[in-house]
Amino acid sequence: MPTLDDVLEHIGEFDRFQKQTFFVLCLLSAAFTPVYVGVVFFGFTPEHRCFSPGVVELSQRCGWSLAEQLNHTVPEWGSHGAAYSSRCSRYEVDWNATGVSCTDPLGSLVGNWSSVPLGPCQDGWVYDYPGTSIVTEFNLVCEDSWKLDLFQSSVNVGFFIGSVIIGYMADRFGRKLCLLITVLINSVSGVLVAFAPSYTWTVIFRLIQGLVSKGGWLTGYVLTAEFVGLSFRRTVGIIYQLAFTVGLLILTAVAYVLPHWRWLQLAVTLPNFFFLLYHWCLPESPRWLITQKQNDKAMEVIKRIAKNNKKQLPPSFQNLKSEDEDGEKLKPSYLDLVRTPQIRKHTFILMYSWFTSSVLYQGLIMHMGLASGNIYLDFLYSALVEFPAAFILLLTVDRIGRRYPWAVANVMTGGACVVTALVPDTLYWLKMTAACLGRMGITMCFEMVCLVNPELYPTSLRNLGVLVCSSMCDIGGIMTPFIVYRLAELWHELPLVVFAGIAVVGGGLVLLLPETKGKTLPETIEDAENMHRQERRKENTIYLQILTSGAVPKI
């Protein structure tokens, strides 16, 4: 019986229909960016200090500049502008008292500077920022700064739980239905975040967004792999992720125009409602339909693809059937991910690779301290470095394969981390070059694990396998701040040394996976189990054919 890849070779592997479908799914990929990294703008923490009643009036009376006002009235401002005392405490004095000196206000109030009492910011804070963020609106600073971590952790917790639930739904009830449900919930919860009346409700709605948004993004990724032919699977996989990078650039521009977080949240959420049009323009995956024994519906989709591509479906393919026609409908099971030896090996290695990619991708950004300068430029630079990584993969994975570029990218990332840690700050250009190479390398690893993950699982387990393995990415996202900030307290470069070890181990493990270059997507568990034997069988078959053709006499 012909496979779907055989049919696509005749009706178009990446023709008009697939290009249209791929384009609308890339829009979904770009729209996922604000949920994944939007906290950079939503949760921006500007320079701040305690609000002290009477300071503004005293400053106006004395004619102080802003710098003079800060030096006179904010603890440790002159020499430690970013110190905890300058941001989270204030002088316990009455600035409205009569007879306050303009040249030495503290001395005229208490006499001795060393005896000036300090107290908490009981009247709130003053933020040096023209816009708003959840930090400035809910005062998530000082003793409450952990609430910003909780805000972002809630998304990663949602990613983790949603990866398992959405993955099962997509394999059990279909890609299209799952995608539409996640789009609807993500859109509604995103609007609710923008109108949340309190911090608690903001976290709750953000958690709901996390439950569905990543699952929807990865379901779209699986659909792109299942609609196109073998020779284009690699290209669409990388470009789908590149659409996410384009979303980074768009998010930067929108955040620059809309510096107020509620308006920004609305601006990046409302376009998601247009994705509900997928109900009419996006068919169900024919691969999934075939595994569910819905052959008639699968043929309808195939004929639709052929019609849009202006190709004729060969008569021999008119009655496409699955290999196990009389078997029971395949139902995905979590145990199937570890039941057989090869799939079990794939699952554990892929889980570690997702974990590694997440920890290093986010950790390198945190360690470079991109937010210390212009937030918009820093975010822009961190996005631009991902484009060369994608182009390198486009040029190598079909020529060399998946495993070796993936392993080299891991080792390059680890080496770059070591160089960045050991090079002194005086050689700033070398340190920054190594840091950029590390960021490029881990971006390649991230894109590679997204590419290879769906190629190693059979159709009935593909979406479940991708989402369960990628759930380790969310565990890594939760752990990364602790790895970076706690280890940096011991030695500033220690996180980079840890990153190097994690990356090198990951580079060795990916070499244990089978090469998927030029191989069709496995349809059954047996196909997935035999992937590492395919090349050997092919070579043996060619060898036998040569012997047979030479042994048979010509007539």
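Residue positions begin at 1 at the first shown residue.
Using N, Cα and C of the backbone, Cβ positions are placed for all residues, glycine too.
Feature list (source: TrEMBL):
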type	residues	note
DOMAIN	100-518	domain 'Major facilitator superfamily (MFS) profile'
TRANSMEM	21-44	transmembrane segment
TRANSMEM	150-170	transmembrane segment
TRANSMEM	177-197	transmembrane segment
TRANSMEM	203-224	transmembrane segment
TRANSMEM	236-257	transmembrane segment
TRANSMEM	263-282	transmembrane segment
TRANSMEM	349-369	transmembrane segment
TRANSMEM	375-397	transmembrane segment
TRANSMEM	404-423	transmembrane segment
TRANSMEM	494-513	transmembrane segment
Overall pLDDT for the domain 'Major facilitator superfamily (MFS) profile' (100-518), taken as the rounded mean: 84
Which of 150-170, 177-197, 236-257, 263-282, 375-397 contacts the transmembrane segment (21-44) most, counting Cβ pairs under 8 Å: 236-257
Stretch in 203-224, 236-257, 263-282, 404-423, 494-513 most in contact with the transmembrane segment (177-197), if contact is a CB pair under 8 A: 203-224
Contact set, same chain, for the transmembrane segment (404-423): CB under 8 Å, 6 or more residues outside the stretch: 356, 360, 364, 392-393, 396-397, 430-431, 434-435, 437-438, 441-442, 444-445, 448-449, 452, 493-494, 496-497, 499-504, 506-508, 510-511
